[in-house]
Amino acid sequence: MSQRARTMPLKSLSVLLPGIKWLHGYTAQDAVADLIAGITVGLTVLPQGLAYATLAGLEPQYGLYSSFVGGIVYAMLGSCRQVTIGPTALLALMTSRHTGFGLDSGPAYGILLCLISGVVELGMAVLKLGALVDLISLPVTVGFTSATAVIIGTSQLKGLLGLRGGSGSDFINTMRSVFGNLSQVRRGDLTLGLVSISVLLLLRRLKTVKVAQRVRNLRAQQLLSGSIWVVSTGRNALVVLVSSVLAYSQCKSQDSCPFILTGKVKSGLPSLALPKFETTIMGKNGTEVPQTFEQMLSELGPSMLILPIIAVLGNVAISKAFGGAGLSPTRELVALSLSNICGAFCSSMPVTGSFSRSAVNHASGVRTPIGGCYTSVLVLLALSLLAPYFQYIPKAALSAVIISAVIFMIEFEVIRPLWRCSRRELLPGAITFVMSLAIGVEIGLLLGVGADVAFLVYRAARPVLSVSKLQTINGMSYILIRPKHSSLYFPAIEWVRSGISKALSTHGTAPVVLDCAHVHDFDFTAARGMGSLYKELAKANVPLFLMSAHKDISVILKESTNIDFPTIDCPNDLESLVEQMPDFELHLQVTAPLVESKMLQTVEANATELSKLTTSSA
C-alpha cells in the first residue's frame, strides 16, 4: 500500500512532465554521455546563436538568450533524445522582416513574435492540427528551404565583404545594395571571410577522411579519429575563436581595425519579464513614433501564422528523422510551443528544432534529452563569463559560419528524380522558389501551397476515366466507364457526364456500365448529378448500371435521388437485366451513335421515327 502511495505522485507528475521518464534507470554512464553531447552541441550553438541573432537584426546576446530555455523545456516535455531546440537560420530570417524599425522596437517585435508563435503552436496541439503541415509537399518544402538559403546567404554578403549597414531579408534589394557598394569592400573582412568559409568547408569534410585507418596502433587510432571528430564537429567554435584572437591582437592596440567587429555584447542573464506589448519606432523624419499592441500585430501580419507552421514542419521532420514513426506529434507540438512561450519571458526570439545541431547531438552519442540541459548550462556560463570577449568576434567570421551552414540547404539533387518521375510537381516547387526570392518567403510559401492545392482540386474535378467497349460472353456490347479515383465529388460530375456522352458518340449506343469497385464516396451534389444522368440516358433508351458498387454508395444514391440504380456484380449479369427491360429489342437494333449535343434526344420506338433518326444521323 505504501509502495503504491509512493508511485502514484510520480505517475501523476509523469503525465504533466513526460520527460521525467528519462530519469528512471538514469545511470552515471548516461550522465557522462549526455554531458559530452551537451558540451559538443553547446560549442556549436554558441557561434550559431550569435550569428543568427545578427541575421535576425538583433543584438548578439539575444541569440544566446534563445539557446538555453528550449533545451530545458524540451528535456521535461520532449520525446526525441536527439532534438535540440534553439534559434535557426530560417526563423531568424523571417524574424528579421520585423526588426528593422530602429530604437528598441527590434527586440520587442522579435520577443512578441516568439510568444505569439508559442501560443499558435499550443493551439495547434490542443486542436490536434499538426496534420496541417502535411499540406506542404516535399517540392514546396524544397523550394522554400532553397530560396531561404539563397536569401540568407546573400544577406550575409555585407558582413563578408565588410560593408556597413544591416543585412536585411529582401533578396533583390540586398543584391542591389551589395553591387552598388562594391567599391567600399574592406580587404581585411573579405580575406578573413573567404578563409573562414574555406576552413569550415574543409573541416566539414575532415570527418570523411580515413586518416586514422593508416595508423596500426589501436589506441593511437582511436585517439586520432576522436580528435578529428572533435575538430570537425566544433569547427564553428574553432573558427570563431581563432578569428577573435586575431581580431583582438590586431584591434586592441591599434586605432584602426582591419575588421568590423560584433561590438559589445551585454553580459549576464536575461531578466525574467513579460514581452512588451507597446514599443517605439523611428519615423521617416527621425521622430519617435509609438506603436500600440494592435499596430504591432498588424506589422507582424502573416508571420504570426506562417512562422509557427514552418517551425512545426521543421521540428516534426527532425523528430521523424531521428526518432522514427512512434513519436507523438501532439507531444512534440506541446514541447515546442512551451519552449517559445517560456523563452519569450527570457527575451528569446522564435525557436524550433535545429537539424544540424540535432545531427551533432546524435553523432555525439546523446542518450536522453537531458543533454539539452547541459547545453543550456554551458550557454548560461558563456553569458555570465565570456560575454565581454564576444565583442572581438569579427562579423565576417559570423557571416562565414552562416553561409557555410546554409549552402547545404539548397537541394539541387531533388530536381532530377522529380523530372524523371513527376514533372508536374516541379511547378509548385519552382513557384515557391521564384516567388520567395522576388516577393518574400511568406508569400512564396503560400503560393506554392496554393498551387499544390489547385492541382489536388483539379484532379478531383477531372478524374481519369478509362473508357472501353467490351462484349459479354454471349456477344452483347456494352461501354465500361472506370474512374481511377476513389471519390466522385460535385466538381467531377459534369466531367463524368461529358465522358459518357463522348463514349456514346464514339462507340455507338450500348448499355453503360460504371465500374464503382474503386469508388468509395459520393457527395450529395454528385449523387444528384448521377440521378440526372440516369434520367437523361433513360430518355435516350440507354440503360446505366453500377458494377461492384459498395453498399454505402447505393444508400447515398438512393437517399439523394429516390432512384434504384440497377447494380451488377460482373458484366455477364447485363444480359439477364437487359432482357427484363421493355426496350430490350431497341437496344439490340439501334446502333447509330448519339451526337454529344443531342444526347438527350428521345428515340421513338416505332419504325417510322427510327428510320428518320437513322437518316438524319447519316
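Cβ coordinates are placed from backbone N, Cα and C, and glycine is handled just like the others.
Feature annotations, courtesy of TrEMBL:
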- 486-558: domain 'STAS' (DOMAIN)
- 35-56: transmembrane segment (TRANSMEM)
- 68-94: transmembrane segment (TRANSMEM)
- 106-127: transmembrane segment (TRANSMEM)
- 132-153: transmembrane segment (TRANSMEM)
- 190-206: transmembrane segment (TRANSMEM)
- 305-327: transmembrane segment (TRANSMEM)
- 333-351: transmembrane segment (TRANSMEM)
- 372-390: transmembrane segment (TRANSMEM)
- 396-414: transmembrane segment (TRANSMEM)
- 426-458: transmembrane segment (TRANSMEM)
Q | Three-state composition of the domain 'STAS' (486-558), taking helix and strand from DSSP | A | 42 helix, 12 strand, 19 coil
Q. Is the transmembrane segment (132-153) close to the transmembrane segment (333-351), in the sense of at least 3 CB pairs under 8 angstroms with a sequence gap of 6 or more?
A. no
Q: Tell me, please, if the transmembrane segment (372-390) and the transmembrane segment (190-206) are in contact, taking contact as 3+ Cβ pairs under 8 Å between residues separated by 6 or more positions?
A: no
Q: With a Cβ cut-off under 8 Å, give me the same-chain residues at least six positions beyond the ends of the transmembrane segment (396-414) that come close to it.
A: 47-48, 50-52, 54-55, 89, 138-139, 142, 145-146, 148-150, 152-153, 156-160, 162, 189-190, 192-193, 196-197, 200-201, 204, 236, 239-240, 243-244, 259-260, 262, 356, 429
(Q) For the domain 'STAS' (486-558), report the average pLDDT of the model, please. (A) 84
(Q) Against the transmembrane segment (132-153), which of these stretches has the most C-beta pairs under 8 Å: 35-56, 68-94, 426-458? (A) 426-458
